[in-house]
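Each remark here refers to the structure printed beneath this line.
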């Protein structure tokens, strides 16, 4: 493609003229105008980098590297000469470099050394509409620089999303709007029959199949909320690829550069390319020949809970603005089609713009950077969107608990070391602890933190769950997952064929390569401080875990009941079933992560001794931070019940309306019919959120007053054969009784009647960990699930048991998958 034909070149003279006359310029345009690749070149060739550089920030590493390579190629130089880049742990620049691409995090690192950015004549903030925490912080810092440097130019480059806010923030800075030719995109609202992950994937498969059958032209771009959903969807779509005419690629942030670059390949003749992506493809990159978009309408966000210092992972609806951007991907080159997997009414109820990250994240990293560059009044920093005072105060308290800042909001000596590492404060504090007090554990700590800084590496392929779990068990350690991480790393490093190693052990190759890269760079930073790193000899596991514990202070967990723990701030923490640790014996541990999904789950466990904890956490803290179990209880207000009729699927039910909630009674078989005959196709999800259910089987209450959508998820996953059984094996069954074990597994999580109260009891699989298993009725469904998955894990983890039960391998995988769904 001829770059000079891109829409931005029609505005070249205007851009140069405005930038000469103003220090701040806002550029808005849709994706595909050429602003990302051509704006730096236009500014460079116009002579705006005579003394310094043009710095260009990108939110993501993939874009940083690929854009640098593109600009260098089209200017006619090698990367590292006039055009270079710098990302976390990698820099390719030289004294000749005039255009420097970098992630926004890198620019923040540079700001601490060069607070007025004298290295740069121009800073371009690209993708500013994403409004990440780093972008918002950078905007505040460079606004201050513009007051102090008359020669400093700022360009804020954004998609056509609320650009007025940028102009207003920079004292009504001029806006140049670049128009592009866009083609009409037909919007088709086509929600799945059931609004579940599986329902969404099947709907995508159906749409793709129809596109293929109807021989519609062009490649397909599918937007999903996360990596897990992407992998599951690709697995389902591969079933349509028997003729090998589909080229299916995933696209998400942590993929290596080589894998991500494949998506830009020209689609071969008689082939169709399908890209299954997160919101990274919404505005950041341009993929040619996309004519069909399938939009799930969802995105995943992490929300920091200031009360508990934990995160809740939420899948939320995208905004109208994001929906427009996604649809626009189909209309860049010709007419296109966008299938929205939600209803028109749902779209109309959505927010205009996505909520900015600054309102939902931990601000301790930003506050630490403020302290590093000499800002002392954290609460009055000039953010484009001001966070709450409470959020800033919480961040300050976290940093003080890590010994990173003092009462004057200045960096301590420990804080000065922490700021050297491109890690979150909790992680950098752990590394500094090892450097100061446990030098023998520095190497292990760099490995552990590298694992905690990246996404999970343990794979559980469909129908191979049992084999994968057994492979992972090789790295089970009584001191926890954190020790296992070190052993995985060492084996990966030694492996001559790393791809074969990861395949054999059901580990993610790309993830481990990323971990190795991060670990190496952490070592490099430490080495520059002339601190020796001991890699050989006996590892200091105690020093390693104590170091992690010091950084992750808020994630130190104390046992409160059989399977529950609490931290200083949070109650009812549960070890995630994916952990390789045996939970029953663990009284104290530190978690690498605590995140709330259906429950508050701790991951990446390191087992602690009580005496290690006493120096860090005083027991008194628990007394002052108890969370009342009575909090948030629903009380009966005595309001009058109102009887209504409500339609679900094709059936009408009587409903009691009370406290803004409908309560209906449904028979299990009726609900199965509604679900499995896809009768919920035209049901408004917002209406279903207002319904609670009494689920019955004949005269037995299966669930009482349970959220309707939650009940649908349970019944859908448990399947058509979920039923009440009259007889089951009540005695212990030994592993040497394979037929009886088969019966036990078939009955696991079925339910029985409890005559006195006519309530259902769920058959939980339990074990004595000595080869004996039994079914135990439980009133609580989730507790029965938790107990069952622990028991089946103990079964899978014993090779001798599996050999004896090899003939029911499919059944074991099926039960494990069913149980694992709830986590």
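Cβ atoms are placed via backbone N, Cα and C, with glycine included.
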Where Swiss-Prot places motif 'DEAH box' among the ranges 126-129, 130-133, 134-137: 126-129
Which of 31, 33, all binding-site residues, has a Cβ with the fewest other Cβ atoms inside 10 Å: 31
Additional residues around ATP, ordered along the sequence, whose Cβ is within 8 Å of the centroid of 29, 30, 31, 32, 33, 34, 35, 36: 6, 7, 8, 159, 178, 180, 286
The one of 29, 36 whose CB sees the fewest other CB atoms within 10 Å, among these binding-site residues: 29
Residues near residue 35 (ATP binding site) in space but at least six apart in sequence (CB under 8 A): 8, 27, 29, 126, 157, 178
For residue 36 (ATP binding site): DSSP state (helix, strand, coil): helix
Neighbour count (Cβ, 10 Å) for residue 30 (ATP binding site): 21
Under 8 Å by Cβ from residue 34 (ATP binding site), same chain, sequence gap 6 or more: 3, 6, 7, 8, 9
Arithmetic mean of per-residue pLDDT over the domain 'Helicase ATP-binding' (16-179): 92
